[in-house]
Amino acid sequence: MASLGLSFPPAAKTPTYLASSSSTFFSNSSLSVRTSQFRSRNSVFACVKCDMPESLNVGNGNPSIPIINERTLPKFLESARMEKSVNRTNTRLKLFSGTANPALAQEIAWYMGLDLGKVNIKRFADGEIYVQLQESVRGCDVYLVQPTCTPTNENLMELLIMVDACRRASAKKVTAVIPYFGYARADRKTQGRESIAAKLVANLITEAGADRVLACDLHSGQSMGYFDIPVDHVYCQPVILDYLASKSIPSEDLVVVSPDVGGVARARAFAKKLSDAPLAIVDKRRSGHNVAEVMNLIGDVRGKVAIMVDDMIDTAGTIVKGAALLHQEGAREVYACCTHAVFSPPAIERLSGGLLQEVIVTNTLPVAEKNYFPQLTILSVANLLGETIWRVHDDSSVSSIFL
């Protein structure tokens, strides 16, 4: 039976990171970083310093990808864990990656001072998935990094099989690290005879044998209640806030905008940490799935720098129509800040249309090179996830990271 395998080496190379300066909240320093080379999807970013603008050989423009390293940690993290890590060859903490986002997993491993665990993942000719752990996990605290992004069902099934493999190999604890949780939007019924797929997926992960879930910026907080196991909800706002602070935008010019009524709580929390900026709300009504209609604006944005905050960008209809309304109401500039870059067609065409000054996302799921465009900025959440994993492993407080 034919198969396609993915095997991680016993000691993956440490990635090279780049950032121009250390940033702190609302400092006068500026962060401007360009990458000059990218490896394939199954490797980490390779970055070199560019003192002058240098074109990338990509179709849609030059993405700006600041990646945090030990010199440029945001203020909420004190230092990298390299010097604090346990013996690499004799540890009860194991970190494995699925095939969905191995670049992020490698960055997390670098921050933690660990090597990624060796695992062989295959796709058989009929589409079945095969997983074999190539090192012992007996009695270990195992963390599996696997966002359930596109192809959603395939990546979800791979995660379930990885969890099962760890459980059958006598791992002491298995934590599913899910930077992007697919099906999170199916968290309630909006019409009769619909399923609540988020609850179903939570049940599948639990029944597969996971002891804990670590997820980033869930679509709704109540999704945590669908699990019968502990869930650590990681908020990626500090990474985005730290980057915005490096742009030195005067606080009196800022206004935080929620693209819909449902995101008001998220935008309010963001505004409070962004110099307690004023809040505006875009009132929209949906006529169907992935279709948004902007109706009205609540709040004043005239002459302001508008920061639109949401958990994800899918087809970008909400963000782009909201940006058009903000410009119509007199906003000077519009930024979009979202954790998850889903980027389903026709998102790239919409986002690169000129309405947005900058589109700021994170690397919770991989962004294909074909989807790069000049306004795109990708921030790494590897340090945030790495620190969270360490604290869970050490039985320390996780919530204190975000206070």
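Even glycines carry a Cβ here, placed using N, Cα and C.
Positions annotated as transit peptide by Swiss-Prot: 1-49.
Among the features that Swiss-Prot reports, Mg(2+) binding site is placed at Asp217, His219, Asp228, Asp232. Counting every protein chain shown, 18 other Cβ atoms lie within 10 Å of the Cβ of Asp232 (Mg(2+) binding site).
Annotation source Swiss-Prot lists region 'Binding of phosphoribosylpyrophosphate' at 303-318, citing sequence analysis. Helix, strand and coil residue tallies for the region 'Binding of phosphoribosylpyrophosphate' (303-318), in that order: 2 helix, 9 strand, 5 coil [DSSP].
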Which three-state DSSP class does Asp217 (Mg(2+) binding site) fall into?
coil
Within 10 Å of the Cβ of His219 (Mg(2+) binding site), how many other Cβ atoms are there?
19
Let me know the most crowded of the binding-site residues, choosing from Asp217, Asp228 and counting other Cβ atoms within 10 Å.
Asp217
Through the lens of DSSP with three states only, how would you label Asp232 (Mg(2+) binding site)?
strand
